Amino acid sequence: MVRIQRGKLLAFCLCVMATVFLLITLQVVVELGKFEGKKFKNSHLKDGHAQMEAEPLHLHPFFNREGLTLNRKKTLAADSFPIMLWWSPLTGETGRLGQCGADACFFTINRTYLHHHRTKAFLFYGTDFSIDSLPLPRKAHHDWALFHEESPKNNYKLFHQPVITLFNYTATFSRHSHLPLTTQYLEGTEVLTSLRHLVPLRSKNHLRKSLAPLVYVQSDCDPPSDRDSYVRELMTYIEVDSYGECLRNKPLPPQLSNPASMDADGFFRILAQYKFILAFENAVCDDYITEKLWRPLKLGVVPVYYGSPSIADWLPSNRSAILVSEFSHPRELASYIRALDRDDRRYQAYIEWKLKGEISNQRLLTALRERKWGVQDVKQDNYIDAFECMVCTKVWDNIRLQEKGLPPKRWQADVTHLSCPEPTVFAFSPLVPRRRSLREMWIPSFQQSKKEARALRWLVDRNQNFSTQEFWALVFKD
């Protein structure tokens, strides 16, 4: 009888909690709906904001993926939720009340919230960050947050001091970011120590009769890192099997020709047969590390790495990769690889960490353990969720400070949050000219992006809407 009474009491409590949550959510929907029903008609809006007239005016039903539990001590009113406005269609969500620990914020891509009094932060996605449309004038309580996990080739102007310092919060590949995404392509330690795809060295030696010691798979040709020029020169000193669109000399099976198959077991089996993989990033930036590195380490193949200058800080072991930067010329690199190819003991030293399942790099272990998001893990938030919650929490922290009569804490990004030098080119001999794509596109693009960054900063600091004509006139003023 006591158990039945307890069960009824528990059910009653749950019903009450659910009712309270629904009432709060309904109030928020009604209040925001009243605001959203008012269409902006500002004659002062210029090119970038004219498109707001076409924004949808219906409200997406609120939902909360984890269930909203409010702290009673906060005594939050229904209209107290800060609005986080995505200045990008990235999430596709026109309205969502999301919980971030004990805090809650309203996330939306609907730009009709631009002038709402509860809009506290604007969230930008770096790849589609554009001068054509910015939320200006920027009010004192408007925070700007940048999510940019990709290389500089997607938007060079972000990588210069005048622009990156416009943002209060960042989530980038840099360890110095407020939400570092350095390990965004690595699921965890288990995939590094797994022997699932490992091909024994004896078998690899046998396969060498028909395979080159090195394999190269790239279909994004002539990127800012100029990797194809290096590999082309390397090919004159050692055999390289190239399966991608770039420098291809060996075809993939038809069923693996689709780029979507790059994570297929069949593709992994092909790569795992090789002793070495050329792991060259498309850009050279501190902490910019992609699947180019992690894939060979997962497969038990030694990566020959070119990319992040800080890569040694992230390798699982002191001897787990060959770094191109340690060789003065592809000729020296080829000689070293041939020596390892002939000497099983020296080669084995590069995969010893994997065979023993030992990751000695404490920085890597700590980063994986402490990150607040997961990779392909339904039990964890993804990094976009984590970014949203980071901004939401920081906004709430400042709200609480102001409620105590204290000034809000000001955050600002700096150039270490996206650290990429100007692209350079490889020119190994007069017979191998510099790649036209770099000379005629990437380097001038980087140089012009400096002017664009200065012009954009001046216009944003003016804190008025501006046209694309104004922007480009300022860029080419000198």
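A Cβ is built for glycine as well, from the same backbone N, Cα and C atoms used for every other residue.
The feature disulfide bond is assigned by Swiss-Prot to CYS389-CYS392. Listed in sequence order, GLY98, CYS100, GLY101, LYS372, ASP381 are the same-chain residues at least 6 apart in sequence whose CB falls under 8 Å from the CB of CYS389 (disulfide bond). According to DSSP, CYS389 (disulfide bond) is assigned to a helical segment.
The N-linked glycosylation site annotation in Swiss-Prot covers ASN110 (among others), and the record cites sequence analysis as its basis. Under DSSP, ASN110 (N-linked glycosylation site) is assigned to coil, being neither helix nor strand in the three-state scheme.
Look at Swiss-Prot and you will find ASN168 (among others) tagged as N-linked glycosylation site, backed by sequence analysis. Just so you know, the Cβ of ASN168 (N-linked glycosylation site) picks up 21 other Cβ atoms within 10 Å once every protein chain is counted.
The topological domain 'Cytoplasmic' feature in Swiss-Prot is assigned to 1-9.
According to Swiss-Prot, the topological domain 'Lumenal' annotation covers 31-478, on the basis of sequence analysis.
Marked as transmembrane segment by Swiss-Prot on the basis of sequence analysis: 10-30.
With respect to their backbone Cα atoms, CYS392 (disulfide bond) and ASN110 (N-linked glycosylation site) stand 17 Å from each other.
Cα of ASN110 (N-linked glycosylation site) to Cα of ASN168 (N-linked glycosylation site): a distance of 21 Å. Around the Cβ of ASN110 (N-linked glycosylation site), a 10 Å sphere holds 22 further Cβ atoms from the protein chains shown.
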